[in-house]
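One structure is given below, encoded as structure tokens.
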Amino acid sequence: MESSRRALLLVAMAATVIGLASASFRDNCDIKWNPENAAFSDDGHGLTMSLKSNSSGCLLQTKKQFIYGSVSTLIKLVPGNSAGTVTTYYTSSVGADHDEIDFEFLGNETGQPYTLHTNVFADGVGKKEMQFVPWFDPTADFHAYTISWTPCMIVWYVDDVPIRVFRNYRDKGIAYPIKRPMFGYSSIWSAEDWATQGGRVKADWSKAPFVAGYRDMVLDVCPCDGADSCVYGCAGAFSHGGRQQNCAGLTDQQRAKMQEVQKSHRIYDYCVDYRDNKKPGPECSLPQY
């Protein structure tokens, strides 16, 4: 998290690649769906998004695309009875065979914990879910959620604690996002048919609006329009750049923290629980950190 809050990233290359930092939601993002359900703080660094009915919701998208880097924000989830709601924070490309890296927060009945859902899509293929029960109350205060995406690996962080790693094994035939620029997104929407206890518990619309809060989006990324030179330059920047943005992997301390979270708070791992008779992917037998 410390690196994701640094100032601009400067990398000496054929051209200097500059990342965004401390992005204002108002200045650096667009509300693409139901802007009437979004409210900015006076300085633009705070945002709330509301879900008022099963056909409403709200979606934010960064104005710029990027290849590699870290995107981070503070989120305070919907309090009380949040059953049937999904709050998200993710990156995604557009078009066919899309790439995507997900944080999704599945609501629950009052007194029952959220489900923290992670997934990654590459070349249009996902189904790489890993889920956790938070070890804190994500509705009582703001917590930091970070997606770090480099040419070597993707890491999901919660409050500076890595909870999952997905490594690049394209050389072994395993899809990994490397060529499609992504936007950053946040949203809140209704998923009554599946989000809470498999759809058994529906949203209580008498409690609407359901409101999620956001603060201080930080983008430490390589802006990219998709041109080959841009993709190549960004790959070089983040392969050979500084500290947590490089390919050195997790530190011993980070690895220990992640293993503890996965041991104590992980409730689903696609590599272990073979639902619908599907077999684990080849990446499941390879080291991830």
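Placement of Cβ uses the backbone N, Cα and C atoms for every residue, glycine included.
These come from TrEMBL:
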- E100: active site, nucleophile (ACT_SITE)
- E104: active site, proton donor (ACT_SITE)
- 1-214: domain 'GH16' (DOMAIN)
- N108: N-linked glycosylation site (CARBOHYD)
- 1-23: signal peptide (SIGNAL)
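With a cut-off of 8 Å between CB atoms and residues at least 6 apart in sequence, the same chain places Y90, T91, S92, S93, N119, V120, F121, G126, P177, M182 near the residue listed as 'active site, nucleophile', listed in sequence order. In sequence order, S82, A83, Y114, T115, T196, Q197, V201 constitute the residues six or more apart from N108 (N-linked glycosylation site) in its chain with CB-CB distances below 8 Å. E104 (active site, proton donor): 20 other CB atoms within 10 A of its CB, across all protein chains.
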